[in-house]
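Take this structure, written in structure tokens, and hold onto it; I'll ask about it next.
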Amino acid sequence: MATEGMERSGLVAEGENFTLDGKPVQLLSGAIHYFRVPREYWRDRMLKLKACGLNTLETYVCWNLHEPEKGKFDFTGMLDIAAYLQEAANLGLWVIFRPGPYICAEWDYGGLPSWLLRDPKMQVRTTYQPYMDAVERFFDALLPIVKPFQYKEGGPIIAVQVENEYGSYARDDKYLSAVKQVIQKSGVEELLLTSDGGQIERQEKGCIPGVLMTANFNFSPKKQLGALKKMQPNRPLMVMEFWSGWFDHWGRDHHKLHVEKFEQLLGDILRFPSSVNFYMFHGGTNFGFMNGANYINGYKPDVTSYDYDAPLSEAGDPTPKYYKTRELLKTLAMKGAVANELPEVPPATEKSSYGPFPVEKYITFEDALKVLGEPIKSETVMSMEMLPINNDNGQSYGYILYRHKLSETPATESVTLKCDVRDRAQIFVNGNESGMLNWRVGEIALSGLKENDILDILVENQGRVNFAQTMDGVKKFVLESVTGVMRGDALLDQRKGLVGEVLLNTTPLKTWEIFPLELKPEFQTSLVESSDWQELTDAAEVPFPSFHLVNFTIPEEPKDTFLDMKKGWGKGVAILNGFNLGRYWHIGPQETLYVPAPFLKQGDNQLLLFEQHIPHKEVVFTDTPRLGKEKEVSCVPL
């Protein structure tokens, strides 16, 4: 860091090396997202980053959590970005700040707020004026908070990224310059940069004249950096995202980039030489409903864990990859970039097992609906985003139930129910499950329907797409939905629930009751206080879906632990002491949910489970995470 009182000239990207206050520097950075890590652990993760030999912290900004409703902002708790930046400054770390507005990041809708989709003409990531107005309003709230933390004003921020990987989208050649202008209008004076996949085509489509280009990749560092050097021969090289591992999708294996391959790739980057940002250095967790999804030859939702096989595990523990990084930086980094004597590595957080604890009570889904109050009544179904709730911002996350009462008995014994589901639906007739639908399978045969039967369609929003790509690598694609309606660009096609008409054979069903099940804290409180809970005597007899309550005591100071949902449970959501830990699903790969010690209490605790399929009699917490069967990352995944 610059000496106090010295005039700061900031980070300059001219010539072979970056310079800071006129002195050559190599940026050795690690990505840690404040919104994926309990606030109580921010300092611990940063200390471990610094002890590894890194000098810079990188973070995205999640617009959708900071502005959950239009014009309503939240910068508190885990979202206190000023406190996060101050902690980095206290520890002597520089910061690369990536405010989006789009961040990808395997985060719901790439960080974009779902209320944007209430506009039927919305064109995100373009100069479409209503979108740019929303971007400007958010930056007008965010950047004044951030401005005092710029390096030139005595703070840690040395560089700010404009948007993110726009070369993979590239629908509006005026858009990046418009975002740049909004950022600078808010008083940002530090070095600006862009980041894109290493391919030349993506770099060309994602660049801004005069703005530093950086590259994102894992494999073939020499080739990728060589191409970047040809594009800007008189500027220093920066790998903005060296993918230290990879993320996971439900129903597939847990990705691993083994340490031997990691060592080779990192060694090639440092020898080239280039500055580097580890994406991720510490992945953390997609708490709640905030996981994203990919559309790469099909919809693939991400798991709750964002362990990423990073140098620090999901629980913040140093891994073999961490110690290999420390070793390589000591030997291969630019002279002076790494201290001769690194700080001692902080220990891993203590872990403990708890339980088993019995499920005491359950409440049926029908009784739980009473807590929601009167349903929304509509002639036709509507997506989550279009519901007239949350101050006309619609529903962002969770589940939604569509209920229809048949006005007449169908003419035939067997009929076909057809609807466009986003993303997964359970079909019930008079409370009995009749089958499943999803984004790919949009019709089901139903038999024996009669007048006054109740048809329920319970839809889960499994996460909005944050990145989409077809076989030819082009994101501007069109696909046909199960109802025959043509869909367009995947980032514009992220309205959730039921989209379009629901057909019984060829007849549209009219007159619906709609129940938004967001699982917000106020709903949790009212649900727990309901008088309709029943004592659990036999889990096998409990109807599903249903809510389950576990009260348990931890007599000593709590330690980090992992909720093991592989043992007897099916699919659902776990809420601990009012905090949504995230989704679980027996298909894996993830089998345990990370429970940080700060989320537990010494004394009485309460676990609320929403189980969609297979209720169980007890829960158990283990001291060891299980992320599933491993699969080596053996090629560039995108």
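Placed from the backbone N, Cα and C atoms, the Cβ positions cover glycine too.
For reference, TrEMBL lists these features for the protein:
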- GLU165: active site, proton donor (ACT_SITE)
- GLU241: active site, nucleophile (ACT_SITE)
- 18-331: domain 'Glycoside hydrolase 35 catalytic' (DOMAIN)
- 394-477: domain 'Beta-galactosidase 1-like first all-beta' (DOMAIN)
- 545-605: domain 'Beta-galactosidase galactose-binding' (DOMAIN)
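For the listed features, I'd like the structural context: burial, neighbours, distances.
Under 8 Å, Cβ to Cβ, and six or more positions away along its own chain, GLU165 (active site, proton donor) finds CYS104, SER195, ASP196, GLY197, ARG202, GLY206, ASN216.
Sequence-distant neighbours of GLU241 (active site, nucleophile) (same chain, six or more apart, CB under 8 Å from its CB) are ALA31, SER195, ALA215, ASN216, PHE217, ASN277, TYR279, listed in sequence order.
Per-residue confidence over the domain 'Glycoside hydrolase 35 catalytic' (18-331) averages out at a pLDDT of 97.
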Which residue counts does DSSP give the domain 'Beta-galactosidase 1-like first all-beta' (394-477) for helix, strand and coil?
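Taking the domain 'Beta-galactosidase 1-like first all-beta' (394-477) as a whole: 0 helix, 44 strand, 40 coil.
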